[in-house]
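Annotated in Swiss-Prot:
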type     : residues : note
TOPO_DOM : 1-73     : topological domain 'Cytoplasmic'
TOPO_DOM : 95-105   : topological domain 'Vacuolar'
TOPO_DOM : 127-153  : topological domain 'Cytoplasmic'
TOPO_DOM : 175-198  : topological domain 'Vacuolar'
TOPO_DOM : 220-228  : topological domain 'Cytoplasmic'
TOPO_DOM : 250-271  : topological domain 'Vacuolar'
TOPO_DOM : 293-312  : topological domain 'Cytoplasmic'
TOPO_DOM : 334-364  : topological domain 'Vacuolar'
TOPO_DOM : 386-416  : topological domain 'Cytoplasmic'
TOPO_DOM : 438-441  : topological domain 'Vacuolar'
TOPO_DOM : 463-482  : topological domain 'Cytoplasmic'
TOPO_DOM : 504-514  : topological domain 'Vacuolar'
TOPO_DOM : 536-571  : topological domain 'Cytoplasmic'
TRANSMEM : 74-94    : transmembrane segment
TRANSMEM : 106-126  : transmembrane segment
TRANSMEM : 154-174  : transmembrane segment
TRANSMEM : 199-219  : transmembrane segment
TRANSMEM : 229-249  : transmembrane segment
TRANSMEM : 272-292  : transmembrane segment
TRANSMEM : 313-333  : transmembrane segment
TRANSMEM : 365-385  : transmembrane segment
TRANSMEM : 417-437  : transmembrane segment
TRANSMEM : 442-462  : transmembrane segment
TRANSMEM : 483-503  : transmembrane segment
TRANSMEM : 515-535  : transmembrane segment
Amino acid sequence: MSMSSKNENKISVEQRISTDIGQAYQLQGLGSNLRSIRSKTGAGEVNYIDAAKSVNDNQLLAEIGYKQELKRQFSTLQVFGIAFSIMGLLPSIASVMGGGLGGGPATLVWGWFVAAFFILLVGITMAEHASSIPTAGGLYYWTYYYAPEGYKEIISFIIGCSNSLALAAGVCSIDYGLAEEIAAAVTLTKDGNFEVTSGKLYGIFAGAVVVMCICTCVASGAIARLQTLSIFANLFIIVLLFIALPIGTKHRMGGFNDGDFIFGKYENLSDWNNGWQFCLAGFMPAVWTIGSFDSCVHQSEEAKDAKKSVPIGIISSIAVCWILGWLIIICLMACINPDIDSVLDSKYGFALAQIIYDSLGKKWAIAFMSLIAFCQFLMGASITTAVSRQVWAFSRDNGLPLSKYIKRVDSKYSVPFFAILAACVGSLILGLLCLIDDAATDALFSLAVAGNNLAWSTPTVFRLTSGRDLFRPGPFYLGKIWSPIVAWTGVAFQLFIIILVMFPSQQHGITKSTMNYACVIGPGIWILAGIYYKVYKKKYYHGPATNLSDDDYTEAVGADVIDTIMSKQEP
């Protein structure tokens, strides 16, 4: 090599070093502006995030503000699976069917269909959020991102608390439903000669929570495979019901209920007016069953190609459960004893157990209730996984007590063991309400619904108002015309549901055993969360807290993102 070539190479290397040093000083001088932009519509300064232009999951997660700590083991099918598993159609319908029959067959059939349509609209909007900013924290992160400047921290903190407690209440309601199903199976084997007490139910419930805690502490790859098992288990039991129940009904009961009974028989078993009872009895089965699609969001940091797989998981799980659940209810109403009161007053304590017993006999009823209980267990394991990821993410941002311990991730298995333990302990404590009476148990169902709907609707309202100039769509987006129409319609439905779940099952003669304590517990939790933040937590919680250094950030996002951020800085 000639001397001139060596000199040219030396100069080229020196120029690159000089350029890199200059860029480093330039980036260092940007300070907090290194990764942020300022809203023009009142949302203040937030991270620059553009999912549509990100080239991989790690880059997008870095733009959001976090390093990759959990392993991405969930395929699109398994992301769908965690929501579909938690919805657990037949086990969930079994748990809420008694309340739905309070308005007669037509209320249950059409209430499900109408409510599920609006739930799909809510899910579509959440899918847009998840496609734009896929992070395990989800709801409280989005709230902080779009909320007005000066209110970001307290509102996002309240939403984080609401979502965490609602998911924990969801664990309680699912596991309590499992306890009831196991008790119903035992009662069937003893021909009704078994006393089910609140103490026995809590014992079964607590045992289930402990077993689920152990099961969900395995590596994320095993948890992902569990979702595949749950998909096939739920589909198997549904197909079995579609085949066996009509055959048994025709053989043992001589035929089916006609279309007028299934689609037109309305029977108000409360003292509310017919319209309100239709909403109370008809909407709640679908709202509670198809109510865990945000679990896909909480798996965002374990999902492959999250900006696409999470939206697909949300929308597909809702759509499948909408139609498949509706067909299940039609099948059950075709086969049910026309004397609804005899089903609701079943000595087995479970309306579905009585329907199966009437059509198929004792052995089939025991087998079905055992299979339903198994699927309900898979539901519980899946929602325990989801709530642990929400608890972990919120603790990562110092949102919970003992956050410095809860946010730890095991380096070998990439699993947040302490978050799983915290979620299960919280569920056991909330579950103590079941020892009081049925009204307190019902409050757990209502708390899960109200808390989640508040958490789901809040970031949407802010995205459409104060943060409208910050929203950068991901791969899934309805467009500028349809997106806000769908979003506002979903918000209106969610506000209606929050109000609806606060009402008791009857209008007059309310006693302590018929009172709906959700109207006290829900708002009480939200108010206490705000007070707790003002008095203590504001010293530690400042919204989503990045765990990336500036060097890690610039390396992860690349020069193009840095150039875009710098070009958007105000002079």
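Heads up, the Cβ atoms here are built off N, Cα and C, so glycines get one too.
Mapped onto DSSP helix, strand and coil, the topological domain 'Cytoplasmic' (463-482) counts 3 helix, 0 strand, 17 coil. Listed stretches 106-126, 365-385, 417-437 were compared with the transmembrane segment (199-219); the greatest number of C-beta pairs under 8 angstroms is found for 417-437. Counting only same-chain residues 6+ beyond the ends of the topological domain 'Cytoplasmic' (536-571), those with a CB under 8 A from a CB of the stretch are 27-28, 30, 33-38, 47-48, 50, 53, 55, 58-59, 61-67, 137, 141, 144, 152-154, 156-157, 396-399, 403. For the topological domain 'Cytoplasmic' (386-416), same-chain residues at least 6 beyond its ends with a Cβ under 8 Å from one of its own Cβ atoms are 66, 69-71, 82, 86, 135-138, 140-141, 157, 160-161, 163-164, 167-168, 170-171, 216-220, 292, 294-295, 298-299, 301-302, 422-423, 426-427, 537, 540-545, 547.
Counting Cβ pairs under 8 Å that are 6 or more residues apart, the transmembrane segment (229-249) and the transmembrane segment (515-535) reach fewer than 3 and are not in contact.
Where the transmembrane segment (106-126) meets the stretches 74-94, 154-174, 272-292, 365-385, 417-437, the count of C-beta pairs under 8 angstroms peaks at 272-292. Note: the stretches the transmembrane segment (417-437) and the transmembrane segment (154-174) are in contact (3+ CB pairs below 8 A, sequence gap of 6 or more). Per-residue pLDDT, averaged across the topological domain 'Vacuolar' (334-364), gives 87.
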